[in-house]
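Asks: The structure is given below, and queries will be raised subsequently.
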Amino acid sequence: MAAISPDGLQGDVPLPRPAPTPDGLRQRKAAPAPASESEHADASASSVGDSSDGKCKADVTWGKTPSGVVFRVPQTHSFFTTMLTTLHRSSLTRLTFLSLVAQPALFYLLRNHSIIRSAFFLLYFAFWRGAYDFGFAWLLRKQSEKRWIVRQLKIRGWLDINSESGGQEGREWAKWWKRELEMKMGEGYNWEDVPPEFNAWLMFRQLVDVVLLNDFVSYSCFAWSNLHFPPNHSTTMHIFRWAFGWALIFFNLWVKMDAHRVVKDYAWYWGDAFWLMVMQHDLVFDGVYEIAPHPMYSVGYAGYYGLSMVVGSYSVLFVSLAAHAAQFAFLLWFENPHIDRTYGGSKKPLASRIPLSWAQGSPAPSEIQLEESAPLGESSFSLTPEDAIDAATPAATEGETETEPELPELPANETTEPSIRKPRSDSSYSGTSISIAPTEALSKLGAGYKRPSTRGRARAVSMHDLTHRFFRKPVVVLWRLDVFRANDFALVVLILYAMVTLVPALPSQLALTAHFLHALGWRLFHSYGLGLLLRAQSKSKWLVRHYLKHYHYPGAEGGDAVDGTERETVVKRATEEAFGNWQVGYNISLVMTYVSFAGLAWKTYHLPMDWTVSGTILRHVLGLLLIALHIWAAVSSYEVLGDFGWLYSDFFLTEQIPSQLAYTGIYRFLNNPERSMGGAAFFGLWLISNSKLVLALAVISHLSHWWFLSTVERPHMKRLYGDRLRKDGGLTKTLKSVADKTLSTKAGKHGQDIKRVVQEVRGSIEKVEEKVTEAVEEFLDHARPMFSDMVNDTRILLQQSRERMIITRVASDISSYDASRYSMTLPTGSSVDVPRFHVGQPIGVSWTAPANHSRKDWIGIYRLGSCKSQLVTRISSVGKWMPIYEEEYDGDRPIKNPVNGDESPTRADAGEVVFRGDQLPWAPGQYELRYHHDGKHNVMSRVAPIEIYVNKPTRPSSYREVRSTLLNIVNLSLDSDPTLVPRSVKSANISTVTSCASLAEAGGLSTPNLLSSPKSASSETLSPKKTQAQLPSSPSSNVSLGDLVHCEADADAADEEDDDDIVDGRDPDDFSIMDENQARRITSLCEMAFGVQISVDVVVADANVGVLARRVVGARSLVAASVAKGSG
């Protein structure tokens, strides 16, 4: 094609491509080619793109197919060059040319029917634009993911003139395509000398030319069909409009030409979706790619808007906007994912600790304590290559990519012998950085310097740690909002009050009702909302556990875990943060409760016209006295309680501050002044305002506060202080004493009877109160599991409804297959009847089938009992399935005519599939395996039951056992990926996915080394035999997770669990997380194994087995302490 896009305006290009080679094909930097490739490419390949090596070498470009075949890339030509040379010979070129010429002719013929002409070309343009942005996106996405285009062409026999798969028709098409392509490519190209992938790309290129050219011509015809000269525009405005419009069009043409100069035909026609260059250079952002991000998808469409200005039509403008939006959809749906998939893209681990190497003048990484709060300064740093993760990452570029931030120049180190470190490929630095190695910095301290022990120092600081230290889930707009944080709670309150200001003025009665509801809402929130929160905190440390679940505490990283100091540090910091936020939230609620009540009283208050009528003065005096009494009681209480008691610190700081009872001041006379005088101000405001609404709210407030004192505060005081609580205050004792004396002297012989009756009545009232309280608590305790069961039942119903959303397909020829000749085999222990697998553990299934079985057979995992029929499966596997031959499926759909044909084996077939990752059920329970026929739902064999369990530590309070269990959970949740799992997994002899793969290749059972060495196994259809080494019989058996994770058993070894060799400052318990799905697996398994809830954000922030283990032990200790206090 020419130096610009065939469509002139609409032709597009993927993301910025590498610099072109002299023959017009791009290159990308790659790892050194293997020896087999270099033998094909020889010395000339290494000189591709190097003009100094001579023209003869520079003209040679080498490509490589996905299968590894290296070939010499022929020179390509533009469409215009091809059209001029092959128009009289190529039928395809003639048809394309006629389709383009017919449109201007039709435009002229319809000159007297402007509406019909405009509508026709609009629909015609929409067809070609849809074919480009949606048709090509669909085709190229499938080609990028599954090599779908190449596979379909092979199935039809269009890529081999001697192919048998497409029959005679396929061979005829292959011969036709061979003639066309050899005619258009000219000398240097031979159909048989290039791989089928390159020929498929050339075929696809012909289709691209047809679509893009028709897209451009149809858009131009549509635009000129709507030519309009606005009558209200002056001549100057018309000239400006045309000048600016044509300027945009010429700018568009320059963008296309320059982009084609940079990327050439290889990237222009998405060649990397079919084959790849033997790459030698990094990405280069040259020319137009330095002007704007994604220039071919942004400024490359400026011509749309220029032509809209020229024709002066809003219709053309709106159509141009829609077409441009469709092009961005193409970018997001195909182009970006394809670049990420092919070249590593920008996908980085969600959590990964890469130690930072600090420059001169900054402390060495080994000496940096994460607990220090000193500023980091302006020192530069680089990332060490030893810690690079082997996952695919975007290549470094010579220029700046669209996703790289602009970084300031880093100061060079003033050292004579600097240590030069190569940057990681996923670093935001594109150049080589220089820093002093930690060992060199330590050597400068002198020979007498003693290196600090690993145990006494934290691991080296990483960007991950710094990020989660200084950005602890900050609220961005309303994202990450947590109403249990004081700042977030205040933000919500401000937003609500700001929204109230938008309400229009209300009638007086309605406004008064709104004020009443406003004050009532604050009272209910203060007494019941905060009361229930304090009640949960008193019983189970709920608020502290909320912070343990959702927030990361970097000060707890590293160091010794034996004496429990780190566990205590985690709990202590969570407690302090929870209490700090409680203080602010409680004070806001307290103030707003009184302010809203006073606001209601003010709205209902009317200044008396006559102060002598109906005791007006008396009401005001009594009201003011009650308010003064309330203030005096509050001040007196604060003087005795201080901040500790006023803010309910004994609900939080029972372990940090010793709780003491103080019966001084006002408490010398009253056990709880709030019970009698806590509502005096409310009734005082009622007397002053003389409003029934205020009276009702005062009564509600007093009763609500009485409930708070009786249900929340008093039980907590009994639980905390026990018998030390005083039964009666000084005033109560005095009154009782006076009453006793009065009864003794005045009542005479009836005094004892009256005293007995009073005591009985009082005792009855107290018993009723206790029984009511017990009944309420019992109801809540019973309702909680019922509510949990209801939630679980709802979840199960939703899962079942999702499973039943399936269209069952049944084979019509099932009678010709003998189901007894199908079988599946699972590994099982020698002493157990049921195969058992830990949640997340890969499950290897060996299968056998008769000679006439279909290659589209598949195996699914289902919950036991969910499938009623044993002959046909009528529920969905929800992705928990595996084909026996993966090449027979395109995603979840079987291929109708695969390349290998539908030929059945001539003898009995057998094989093995391994379920792992998302193909496994990640919930414990009983399951079954079903072997299905020919991509349908006929069941040929079953294995049931299969038990999937979660191993729980025998001593949940033991850090060592919790860490061992977590080590296995993290390993399984990360799919045993060696680039993600902790290094301590390897020392614990936990297997990885590679071990399963090696077993599969060796023909053994694909079970991980969590089990002992497998033996050959076979099973009947429904009853697997005991053929493999024994698994733990149950999660609670004597065989603990230590049999799966071989940790040290003695105490001395436990002391060294956190003291493994720290390489480059990295903790061996650190692990990496690629996506949220892996983090969710860890959180769900932690809840199943330990009964502790941890949020995904905390797992990502911690990313360390030891830190998570200490968090789990700390959370469990809170619950255990609460239970112990409650039972005490």
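Backbone N, Cα and C define each Cβ position, glycine as well.
Because TrEMBL annotations are produced automatically, they should be read as predictions rather than curated entries.
Just so it is clear, the model here is predicted, and its values are computed rather than measured.
Just lifted these from TrEMBL, have a look:
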- 1-54: region 'Disordered' (REGION)
- 116-140: transmembrane segment (TRANSMEM)
- 207-227: transmembrane segment (TRANSMEM)
- 239-255: transmembrane segment (TRANSMEM)
- 267-285: transmembrane segment (TRANSMEM)
- 305-334: transmembrane segment (TRANSMEM)
- 392-433: region 'Disordered' (REGION)
- 409-418: compositional bias 'Low complexity' (COMPBIAS)
- 489-507: transmembrane segment (TRANSMEM)
- 584-605: transmembrane segment (TRANSMEM)
- 617-635: transmembrane segment (TRANSMEM)
- 680-709: transmembrane segment (TRANSMEM)
- 1007-1040: compositional bias 'Polar residues' (COMPBIAS)
- 1007-1041: region 'Disordered' (REGION)
Asks: Considering only the recorded stretches 305-334, 489-507, 584-605, 617-635, 680-709, state which has the highest number of Cβ pairs under 8 Å to the transmembrane segment (239-255).
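Replies: Between the stretches 305-334, 489-507, 584-605, 617-635, 680-709, 305-334 has the largest tally.
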Asks: Do we see three or more Cβ pairs under 8 Å linking the transmembrane segment (584-605) and the transmembrane segment (617-635), pairs being at least 6 apart in sequence?
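Replies: As far as Cβ distances go (cut-off 8 Å, pairs 6 or more apart), the transmembrane segment (584-605) and the transmembrane segment (617-635) do not touch.
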Asks: Between 207-227, 305-334, 489-507, 617-635, who has the most Cβ pairs under 8 Å to the transmembrane segment (680-709)?
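Replies: If we count Cβ pairs closer than 8 Å to the transmembrane segment (680-709), 617-635 scores highest.
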Asks: Please indicate, using numbers and ranges, the residues of the same chain that are 6 or more beyond the transmembrane segment (617-635) and have a C-beta under 8 Å from a C-beta there.
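Replies: 611, 666, 673-674, 677-681, 683-688, 690.
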Asks: Should anything in the same chain at least six residues away from the transmembrane segment (207-227) have a Cβ under 8 Å from its Cβ atoms, list it; otherwise answer none.
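Replies: Cβ under 8 Å, 6 or more out: 1, 5-11, 79, 96, 99-100, 103-104, 106-107, 114, 117-118, 121-122, 124-125, 128-129, 131-132, 135-136, 269, 304, 307-308, 310-313, 315-316, 319, 323.
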